Amino acid sequence: MKHSLHKIIERQDLSTEEIKEVFKHCFSQEVSDSELAAILISLKMKGETAEEVAGLSQVIQEHSPFLLNFHQPVMDNCGTGGDRSNSFNISTCSAFVLAGAGVTVAKHGNRSVSSQTGSADVLEKLGVSLAFTKEQVNEMLDKNQIAFLFAQHVHPTLKQVGKVRKDLRIPTIFNFIGPLTNPVHLDSQYIGVYDPEALQMVAKAAQLLGRERAIVIHGAGGLDEASLQGENKYILVENDRLEEKTIHPEEVGLSVYPNDEIQGGNATENANILLSVLKGEDSAYLDTVLFNAGIALFASKKADSIYDGVELARESITSGSALSKLNNLITFSKKVSEVV
């Protein structure tokens with residue numbers, strides 16, 4: 001442990017096993033808050049590696065009581081956060097579009113850390129439970145093609161670091177690992193990163209964690225989602241191959257909008273935006289979701305191209321299928337609360 005800490009301070013990279021050892025001590029409460037803060041800041045100053053991100057992700061997954069291998073291919077779509085854009089909950093809304101298009105989605109998310117409203121905040125406002133059991137998650141995936149896994153609920157170990165993350169108020173290695181720690185085995189994934197320098201690192205980490213196919217994207221204007229503002233950079237991960245690409249909204253029939261057209265607000269405001277999108281109301285919000293869901297459908301192999309993915313996403317919304325997935329999740333949540 002001391003050797004690994006010394007390496008971090010000296011700005012030397014850790015192996016997967018070394019980083020796992022460090023954070024096993026952190027999660028066992030053998031490290032003070034000030035020491036943990038120093039570790040996180042030192043890692044950030046050094047620059048986190050794919051091996052370190054993958055190793056920490058594995059530690060968190062190994063401690064989760066929600067580890068699940070579903071009988072069908074599963075995907076997740078999630079951004080790292082940290083872009084300070086105050087955009088609405090794009091990936092949360094897109095998740096229902098994916099499910100409506102026939103993709104099984106284990107949506108992993110949290111409350112707000114460095115943004116105004118997190119996925120858990122907006123879903124809770126809509127009436128979705130944040131405390132499903134492992135068996136209930138499996139049932140929802142089976143019957144409704146989408147389940148929500150609240151990070152603080154499915155990862156008890158994160159409670160040990162929550163206060164420090166909140167106090168620091170800056171993106172740390174935990175922002176990178178958030179999308180990678182889903183306790184449900186994922187076959188494919190769509191990940192947004194706020195930092196273009198992190199594209200390769202996060203893509204490699206996803207590869208190390210066994211994703212068969214993934215897209216890691218950095219949006220125009222610094223979004224951790226695909227943006228309608230201009231050209232977006234992404235990496236396609238497919239087995240042992242990493243391929244750098246770009247995508248512009250006009251290439252898939254979507255108009256250009258500045259990022260300030262997709263500003264969000266508090267949980268109530270974002271819930272209303274989400275509902276307006278799933279009801280198909282024309283706006284920059286809708287087109288942003290079509291863009292991101294389209295890319296995710298391509299990542300999942302449900303669509304042969306991003307253009308086809310956008311059209312499939314549009315059909316998911318216009319048919320009412322996407323909205324029905326949300327309504328089913330709310331209904332299931334009510335039944336669960338009545339039993340309790």
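Each residue, glycine too, has its Cβ placed from N, Cα and C.
Annotated features, as they stand in Swiss-Prot:
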BINDING   Gly79, Asn110  anthranilate 1 binding site
BINDING   Gly79, 82-83, Ser87, 89-92, 107-115, Ser119  5-phospho-alpha-D-ribose 1-diphosphate binding site
BINDING   Ser91, Glu225  Mg(2+) 1 binding site
BINDING   Arg165  anthranilate 2 binding site
BINDING   Asp224, Glu225  Mg(2+) 2 binding site
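Sequence features annotated in Swiss-Prot and their locations in the structure.
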residue : record                                              : DSSP class
Gly79   : anthranilate 1 binding site                         : strand
Ser87   : 5-phospho-alpha-D-ribose 1-diphosphate binding site : strand
His108  : 5-phospho-alpha-D-ribose 1-diphosphate binding site : strand
Arg165  : anthranilate 2 binding site                         : helix
Asp224  : Mg(2+) 2 binding site                               : coil
Protein Cβ atoms within 10 Å of Ser87 (5-phospho-alpha-D-ribose 1-diphosphate binding site), excluding its own: 27
Cβ-based isolation winner (fewest other Cβ atoms within 10 Å) among the binding-site residues Ser91, Asn110: Asn110
In sequence order, the binding-site residues (His108, Asn110, Arg111, Arg165) whose C-alpha falls within 10 A of Glu225 (Mg(2+) 1 binding site): none
Cβ-Cβ distance under 8 Å to Arg111 (5-phospho-alpha-D-ribose 1-diphosphate binding site), same chain, at least six residues away: Gly118, Ala120, Asp121, Gln152
Rounded inter-Cα distance in Å - His108 (5-phospho-alpha-D-ribose 1-diphosphate binding site), Arg165 (anthranilate 2 binding site): 18
Neighbour count (Cβ, 10 Å) for His108 (5-phospho-alpha-D-ribose 1-diphosphate binding site): 28
Protein Cβ atoms within 10 Å of Arg165 (anthranilate 2 binding site), excluding its own: 19
Close in space, distant in sequence - Gly79 (anthranilate 1 binding site), Cβ under 8 Å, 6 or more apart: Ile90, Ser91, Pro179, Ile191, Gly192, Val193, Tyr194, Asp224, Glu225
C-beta crowding around Glu225 (Mg(2+) 1 binding site), within 10 angstroms: 31
Nearest-integer angstrom distance between the alpha carbons (Cα) of Asn110 (anthranilate 1 binding site) and Arg165 (anthranilate 2 binding site): 13
Between Ser87 (5-phospho-alpha-D-ribose 1-diphosphate binding site) and Arg165 (anthranilate 2 binding site): CA-CA distance (Å): 21
